[in-house]
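K.L.:
Below is the structure I would like to discuss, written out as structure tokens.
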Amino acid sequence: MTEAMKITLSTQPADARWGEKATYSINNDGITLHLNGADDLGLIQRAARKIDGLGIKHVQLSGEGWDADRCWAFWQGYKAPKGTRKVVWPDLDDAQRQELDNRLMIIDWVRDTINAPAEELGPSQLAQRAVDLISNVAGDRVTYRITKGEDLREQGYMGLHTVGRGSERSPVLLALDYNPTGDKEAPVYACLVGKGITFDSGGYSIKQTAFMDSMKSDMGGAATVTGALAFAITRGLNKRVKLFLCCADNLISGNAFKLGDIITYRNGKKVEVMNTDAEGRLVLADGLIDASAQKPEMIIDAATLTGAAKTALGNDYHALFSFDDALAGRLLASAAQENEPFWRLPLAEFHRSQLPSNFAELNNTGSAAYPAGASTAAGFLSHFVENYQQGWLHIDCSATYRKAPVEQWSAGATGLGVRTIANLLTA
């Protein structure tokens, strides 16, 4: 194996020969990253992406100044879905090293799971991977139930069954209970609900290739909340939390759902399907009904739900929606502590009525008269949260996945959001 390239940190500017804006320089001893105090974590991440671009696949983080956050920033930029990389980590105290190791184990799991081809990651595989990850960190403090196929229809999970029935791979609901108290009557502190569409063709409202080619990542919300629960457990979560993953393919077949179909949910809501490519909200509705039944203090759902959120925020921020200002403020404070990008977008009472249908209580998509697509999608979901004005957060995961590399990230999944949700759960 080639000798590791040493990477050191300096608060001094680079030699003038490297240019006045140089963020790194190279010498006989290795590569030096020149921190300026303005955005040191971002600088380290961008430099790591450049180092990987140079073809350097074996590095040693050396010298003073490295801590868990800086090591993690380097790894976020250095990691990529293709090829192998090796990092020799610096000496850290036990707590910092444990924090880094947990990030590497869990957030890399999130990134790798989202990057997995749809052919190898179907609904059942996604649910089982989630069980395996959380069982690994929680042991016997976790129990779970997997419901699939026709059992979903018989038990009233009509949104999930309707969306997933067009695929040969059965739709799946994972209901997982992390209960560190061991008391079956212990109150549920929080419920996490994730959209797990393992491939989204758009159904009969079919996507163009340019919009379908990244749709293996449409289960990013499910992976994110799974990782968040696992990470919170490693940080000492001592409250009962339930996880609901709504997993399905959205494909075309003779058995696939069609425009004009009407879905009747367990809470009595009837929804007319006018766009089969607005399927995420249809499966999440089932998970939110289950979450509401637990009477938790908070419900957090996460989904790669709308293109409108990406139009507003790009892939740089997750979009946050809530009627609960105090809870939204707590999540944004957690995001600031974890250095993760979240931005709150509007959600008002009138968004709940901007999905009119001539044949049902709700339409599953907005019209040209109501163009705020991310907000109306959140408004749709609110109809399936019993007390939607308090204790509910909706995250439209626009920062989950990048189709092309940028200066801080390789192509593929980012893992952003895991630490923020875990922080909120353990605050």
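Residue numbering: from 1, along the chain as shown.
From the backbone N, Cα and C atoms, a Cβ is placed for every residue, glycine too.
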K.L.:
Check Swiss-Prot for me: it has Asp277, Glu279 binding Mn(2+) 1, so pick out which one of Asp200, Asp213, Asp325 it puts in that same site.
P.N.:
Asp200
K.L.:
Since Swiss-Prot lists Lys195, Asp200, Glu279 for Mn(2+) 2, which candidate among Asp177, Asp218, Asp261, Asp301 does it give for that site as well?
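P.N.:
Swiss-Prot names Asp218 for this Mn(2+) 2 site.
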K.L.:
Just give me the nearest neighbour of Lys207 (active site) among the recorded positions Lys195, Asp277, Arg281, Cα to Cα.
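P.N.:
Nearest listed residue in space: Asp277.
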K.L.:
Of all the binding-site residues given, namely Lys195, Asp200, Asp218, which is spatially nearest to Arg281 (active site) at the Cα level?
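P.N.:
So, spelling it out, the nearest of the binding-site residues is Lys195.
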K.L.:
What's the most sparsely packed of the recorded positions Lys195, Lys207, Arg281, counting other C-beta atoms within 10 A?
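P.N.:
Sparsest of the recorded positions Lys195, Lys207, Arg281 by Cβ contacts within 10 Å: Lys207.
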K.L.:
Provide the three-state secondary structure of Lys195 (Mn(2+) 2 binding site) computed with DSSP.
P.N.:
strand
K.L.:
Taking the Cβ of Asp200 (Mn(2+) 2 binding site) as reference, which residues of that chain separated by at least 6 in sequence fall under 8 Å from it?
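P.N.:
The answer is Lys207, Met212, Met215, Asp218, Asp249, Asn250, Asp277, Glu279, Gly280.
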K.L.:
Could you check the binding-site residues Asp277, Glu279 and say which one's CB has the most other CB atoms within 10 Å?
P.N.:
Glu279
